[in-house]
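Quick notes on the structure that follows.
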Amino acid sequence: MTTLTHLQRLEAESIQIMREVVAETENPVMLYSVGKDSAVMLHLARKAFAPSPPPFPLLHVDTRWKFRAMYEFRDRMAEEIGMDLIVHINPEGVEKDINPFTHGSAIHTDVMKTEGLKQALEKYGFDAAFGGARRDEEKSRAKERVFSFRTAAHRWDPKNQRPELWKLYNTRKHKGESIRVFPLSNWTELDIWQYIYLQNIPIVPLYYSAERPVVERDGTLIMVDDERMPLEPGEVPMMRKVRFRTLGCYPLTGAIESEADTLPAIIQEMLLTNTSERQGRVIDHDSAASMEKKKQEGYF
Amino acid sequence: MATKHLSPELLNERRLEAVRLRLDGHTVARVAQQTGLSAPTVSAAWKAFREGGWEAVPVRQRGRKSGQASSLGEREQHILWRLLAELPSSPLPGWSSQALAEAIAAETGSEVSPRAIEHWLAAQDLKPTPLALAGLARRRSTPGRWYRQQVQPVLERVRQAGGDVWQGGVRVSPLGEQPPDEPRRYQLYLHGKRGALYTRCLPAPPMAEAYLALFERLLAQAVGPVALLFHGAWFQASPEIQAWLKHHPELHLINVAPNLTLGSDPKVR
Amino acid sequence: MSHSSDLIADDIAGYLKAHEHKGLLRFITCGSVDDGKSTLIGRLLFESKLLFEDQLAAIEADSKKYGTQGTEMDFALLVDGLAAEREQGITIDVAYRFFSTDKRKFIVADTPGHEQYTRNMVTGASNADAAILMVDARHGILTQTRRHSFLMSLIGMRKVVVAINKMDLVDYSKARFDEIVEAYRAFAKQLGLEDITFIPMSALKGDNVIEHGHHMPWYHGPTLMAYLETVEVDDERLQRDPFRLPVQWVNRPNLDFRGFTGMVTSGTVKPGDAIRVQPSGKTSTVSRIYTFDGDLDEAVAGQSITLLLNDEIDISRGDIISGVEQPSQTADQFETTLVWMHDQPLLPGRPYLMKIGTQTVSATVTDIKYQVNVNTLEHTAAKQLDLNGIGVCTLSLNKAVAFDPYRESQDTGGFILIDRMTNNTVGAGMLHFALRRSQNIHRQHVDIDKQARALSKGQQPAVLWFTGLSGAGKSTIANLVEKKLHAAGQHTYLLDGDNVRHGLNRDLGFTDADRVENIRRVGEMAKLMVDAGLIVLTAFISPFRSERQLASDLLDDGEFIEIFVDTPLDVAEERDPKGLYRKARRGELKNFTGIDSAYEPPESPDLHIKTGEISSEAAADAIVALLRERQIIA
């Protein structure tokens, strides 16, 4: 008798989901956000289709405001694995120079991320998109399906989601409709970190503590990642030992002071820390029901 | 449940209770439930006990660290904090313990020894040590290369011109767990000859103005050029500081490259 | 019992090492908030997971505001996120929650006990290794308990815990506990639930949840947590069963590598093992078990693998690779239990898509043997299954599939039904056994075929399918077309709705189910006539897209010509040649299309005739022209 560990079973489930999508949809794509969950999802995709490379491209919906370390890491990964990387930046957003400073996080996210994603899916005709969201991220995600259906207008209709029994996923859809697929639904943050540790999966160095230039904004530490970060008159960024628990647009992502510069230390810090993961995301503070609303609008 | 809302006294009472319960063999979860502390806090208290005994369990209070109770009174301490936020009235680039002792004496009329001030600074975690630079020149490591390429040539030029060499930096003090509602302190510090400390302590991250005041005082007391090895600030991003440096070539500012493990100078400890 | 916080702080490497080997258990909780279900889950989460301080602070604040436990922490608030969602109109749901101890990670499927319980509970239970059934010690076995137990037996739950909760409110009485256990055992026997564990408990006070506590010294069984940490998971039991690998995707990066990917649903496999592929029956042996991290010596149930064989045999998605000695069966007719999950009822005769394992086929319920009342377990006759209805049905497929009886293997015996038009998942089912009837009726081979018959008539056989509201003018136009074709020397036959209902279909009424059957028969008859080489004209309201699709599916490509006779309802009602609209409006006719039954217009008919714009004569000419254009007639 072989007892499979929880990570082996989670891995097998994710792989089964990915193969099902590839077998039953016409033009799948993997949304690659460059974060740790994306790293695990990509690793699982390599396992699912080996020795072939995953039979779909990676799509990075870029906002132009990610950390530089993320861009470097993204390009290196795509090259190493030999997958096509599609980078989409909302051209209207570029034209209007949408940015988190002058337009605020809500508009920036809506235009660059939500609209950008819709544009990219339409432009390339993708009918299924893998995303790295997990059910443990917050209460409202606990009921989210693995296969989440979107209308042709990319809206998520909460009343029209399909029950998922056994390992059976109904992937049928009408022309123009698309599916978001979440192969990591049943993983927790701890599972993700433990899997990265055990499988030696490369992640963006920003997750590890290091001295980085930061300024304080409303009690949040924001990294001065490039010269576009507006400083107050006379402000001098300090070099502090910080790391990031989640990665996004640098002006919207809070750093935490930390000494954790190894994976075990990160896991230790996560287990002993006293605030949950999403607190670092400035985006959450915009409005209380923001997540639910964003999901309906097509943002993950 | 949220320890955030507990006074430090109550928090420490519960931390001690948590350790007692753990010693009785209760699980962390049960102890957390019983004391109303979060599991991580219970765990931290237990860890502190195992490493440092009962004395280590209470959250350390600034100025009340057990065994190091300062001989300074409330009033003196109050004055010290106020002084540290200001520039010294003397032309010093920051407060020395001597200068602080004199300023208190002038204000209160009673004698305070510089040694008592030193103890007090140490208790507040306001006594950073200088970087260990000796021997770096011969090391084959990244810090060694950095020292040979970025530091050594500058220091040699400055010394040849009869100038002074200083070290300094900016940091947040103290790091790690601390009682809630206590503001962080941002410490500017300089180490002169033989590691003598000059410092200021601000309630917010220092602005360009504070750095420039420090630089100007350094230049004012020097006969020749000044080399300053500085850690903890990202001057490249500050147009004010860049402009000032351009007009003051006699200050040779060397930023300590980030993420170098240099250690502190053992001689000064 | 909990995460060893000490180990985390002192020796993170040791902690990680220990947690690499944790297992995984999925379980479902059944019961309502009144039974203390949320309190129980909340306590499990709290006791075994390091809750974050901001979460705890939020709950603490909520406890003061909404809690039912005075100043005590209300654990139920940890899990009751569903109320708000219901207000938003989100109908479902199964919520999944996670916690872990040193021994296992747990995934809890939590279903609210409201009116959608059947669908939700069956969904949540379908993936669960074990179920916790909550019983309030004060009330004992209730209708709800029976209902939940029946659903658990239906889904084949192997491990059931009956948590007799609120023992604190019956003075921790052993007599009361024994009484409930006895009553439940008698009832469970009928259902065939076998492995049942009874635990007296107080979720609120914590007795027998994590630790035994001191209130019930008479209880010597496991605490709930001890049970959950040790109960056998399905994957382990399934390893003892025969090997099954439903093929998901064939991986063929180059000519030298042909890997069959999928999840092992039962048994184990090693290189060298002999296998049989179903439904084809071909055999081979395993050469390699390939993975990204290197070849495996053995794979077991629950693993996703890539299998390579020693022989080049034809295998594609949907096939099942089995151990050669005990292969899966194949059949195209089954007795099944169906759970209906959609507002639109199950209609016998209507073709649905069936997904079983990795196969998708067309399936029709040919007979509902009986419906089961979930509360009383009574069997009643039924013509259709409504939302949350459960029925034992005969299911007929358009081709044979590989399967195992559900009782033996959930993953190769459980299936979903998908509506062909809306693509919704409308039902879930369990295959019990194959019905062999159709296998013994072989098709008779004939020498003269459709083509030969058509050739002698100088035409291509076809069906002109007229659809539209009653009184739209279908029969009028069809009649005109037939006259024109007849005059041109074509061989035709007109099947008219009213005429057919006087003969072949006189046993059918006008319910949705009967309408479906009506059209199925007409479709089959039209097919026979096309086989005879005729041009068939059918004039039926045929209101549902899926039945027109069914009729179309029976024929070869190009033979089905859909003609939409489009007359607005008010015009048709104004004409009312048979006086039917008036009757319907007076309520004397039920289920009348356009009045109290829907008409689904064709989305892309071959010909769209707007009777308001052209005359019947012109319409008939247009149809004849279309037949020429399509070379049906010369």
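Numbers run from 1 along the shown chain.
The backbone N, Cα and C atoms fix where each Cβ goes, glycine too.
If you check TrEMBL, you get these features:
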- C:SER542: active site, phosphoserine intermediate (ACT_SITE)
- C:31-38, C:110-114, C:165-168: GTP binding site (BINDING)
- C:GLY468, C:LEU469, C:SER470, C:GLY471, C:ALA472, C:GLY473, C:LYS474, C:SER475: ATP binding site (BINDING)
- C:22-236: domain 'Tr-type G' (DOMAIN)
Cβ-centroid neighbours of ATP site C:GLY468, C:LEU469, C:SER470, C:GLY471, C:ALA472, C:GLY473, C:LYS474, C:SER475, 8 Å, sequence order
C:ALA539, C:ILE541, C:VAL565, C:THR567, C:ALA572
Closest by Cα to C:GLY473 (ATP binding site), out of the recorded positions C:ASP34, C:MET167, C:SER542, is C:SER542
Tell me, which recorded positions from C:GLY31, C:ASP34, C:LYS37, C:THR111, C:MET167, C:SER542 are within 10 Å of C:GLY468 (ATP binding site) if we use the C-alpha atoms?
C:SER542
Helix, strand or coil by DSSP: which one applies to C:MET167 (GTP binding site)?
helix
The answer, for which of the binding-site residues C:LYS37, C:LYS474 has its Cβ ringed by the most other Cβ atoms inside 10 Å, is C:LYS474
With C:LEU469 (ATP binding site) as reference and a Cα-Cα limit of 10 Å, the qualifying recorded positions from C:GLY31, C:LYS37, C:SER542 are C:SER542
With C:SER470 (ATP binding site) as the reference Cα, tell me which of the binding-site residues C:GLY31, C:LYS37, C:MET167 is the closest one.
C:GLY31
Measuring Cα to Cα, how many angstrom lie between C:ASP34 (GTP binding site) and C:LYS474 (ATP binding site)?
59
Of the recorded positions listed here (C:GLY31, C:LYS37, C:THR111, C:SER542), which is spatially closest to C:ALA472 (ATP binding site) when Cα positions are compared?
C:SER542
Which of the listed recorded positions (C:THR111, C:SER470, C:SER475, C:SER542) has the least company, meaning the fewest other Cβ atoms within 10 Å of its Cβ?
C:SER475
Please identify, among the recorded positions C:GLY31, C:LYS37, C:THR111, C:SER542, the one with the smallest Cα-Cα distance to C:LYS474 (ATP binding site).
C:SER542
Whole-number Å distance between the CA of C:GLY471 (ATP binding site) and the CA of C:GLY31 (GTP binding site)?
53
For a quick check of packing: other C-beta atoms within 10 Å of the C-beta of C:GLY31 (GTP binding site), how many?
23
